[in-house]
Every structure is written in C-alpha cells, then in structure tokens.
Amino acid sequence: MDSIFHEKQEGSLCAQHCLNNLLQGEYFTPVDLSSIAHQLDEEERMRMAEGGMGSEEYRTFLQQPSGNMDDSGFFSIQVISNALRVWGLELILFNSREYQSLMINPINEKAFICNYKEHWFTIRKLGQQWFNLNSLLTGPELISDTYLALFLAQTITQVSIFCP
C-alpha cells in the first residue's frame with residue numbers, strides 16, 4: 001500500500017469526502033451527488049403524484065425542501081446509497097436484524113460509513129489495518145481492531161453506522 005487517499009473537509013461536503021475516502025479516489029463531485037439527489041427528488045415527486053396531484057399531501061410535499069440534499073451541501077443516506085450502487089455496493093445498517101442475522105464479525109468487514117450529528121465519515125480497512133478517514137481529521141488515523149470494536153459497541157446509539 002503506497003499511500004492512503006484522504007479527502008479533507010471542504011464546506012459541508014462530508015458525504016462526497018466520505019464516499020471518495022471509502023473508494024480511495026476522487027470518484028464523486030458535488031455535481032454528481034446533486035444529480036443523484038435531484039433524481040431521487042423526482043422519483044419521490046412522481047410517487048406522491050400517484051395519490052393525486054390535487055391532494056393536500058401532494059401540495060404539502062411540493063412545498064417542502066428536498067430531503068436528499070440541502071443548500072449547505074449535506075446529502076442523505078439515500079444519495080450515498082445510490083452513489084455506491086454504481087460500484088455494486090449496497091449498504092446495510094450495522095445494528096439491523098439483517099446485519100445481525102448474517103453473523104458477521106465487524107473486524108472482518110472492509111469499511112463502515114458513519115453519520116454523527118449530520119457529518120458523514122468513513123472507517124476503512126486498508127491492507128490489514130483500520131483507518132479513520134474522517135474528512136475533519138488532518139490525515140488518516142490508524143485504529144486498532146480493539147478500538148474499532150469498542151467504537152462500534154459504544155457509539156451505536158449515537159452514530160448511524162452502515163456497512164457497504
């Protein structure tokens with residue numbers, strides 16, 4: 001492993017940095033993620049219209065801001081999930097029944113996407129070592145298997161964790 005790609009925080013584009021740090025390269029731009037968010041918004045609008053374009057629910061829906069992105073550059077988990085599908089990756093919520101039923105040992109995973117107080121970041125295994133690739137850090141932070149297990153166990157109620 002020659003070097004670790006680590007995109008640092010720029011504006012509120014943590015979802016972009018999270019994805020690029022996960023994939024280890026500059027694969028997504030704000031424009032790419034905005035495009036996915038707009039596509040999701042349109043799909044949601046079409047679904048709501050099925051209930052009748054004159055309905056109160058539809059009119060209320062149209063007046064609400066997008067739930068997939070905001071003006072600050074924040075993107076939803078749906079945008080991140082759709083972006084990863086391009087790579088054949090699907091997200092599973094770490095504390096879901098689906099994940100637990102797979103009887104997966106977290107140490108054997110390759111990465112985790114985390115959200116804490118509307119900030120997305122990646123914890124990724126590169127080679128045989130785990131790294132915190134949070135874009136708010138000045139660089140990759142080496143973490144041990146033990147620390148990873150403790151982090152996952154202790155923060156599960158405060159942090160949304162997904163496995164790609």
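First residue shown is number 1, and so on along the chain.
Just so you know, glycine gets a Cβ as well, placed from its N, Cα and C.
Feature annotations, reproduced from TrEMBL:
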type	residues	note
ACT_SITE	Cys14	active site
ACT_SITE	Cys14	active site, nucleophile
ACT_SITE	His119	active site, proton acceptor
ACT_SITE	His119	active site
ACT_SITE	Asn134	active site
DOMAIN	1-164	domain 'Josephin'
Residue among active-site residues Cys14, His119, Asn134 with least C-beta crowding, 10 angstrom cut-off: His119
Roughly where does the domain 'Josephin' (1-164) sit in mean pLDDT, to the nearest integer? 86
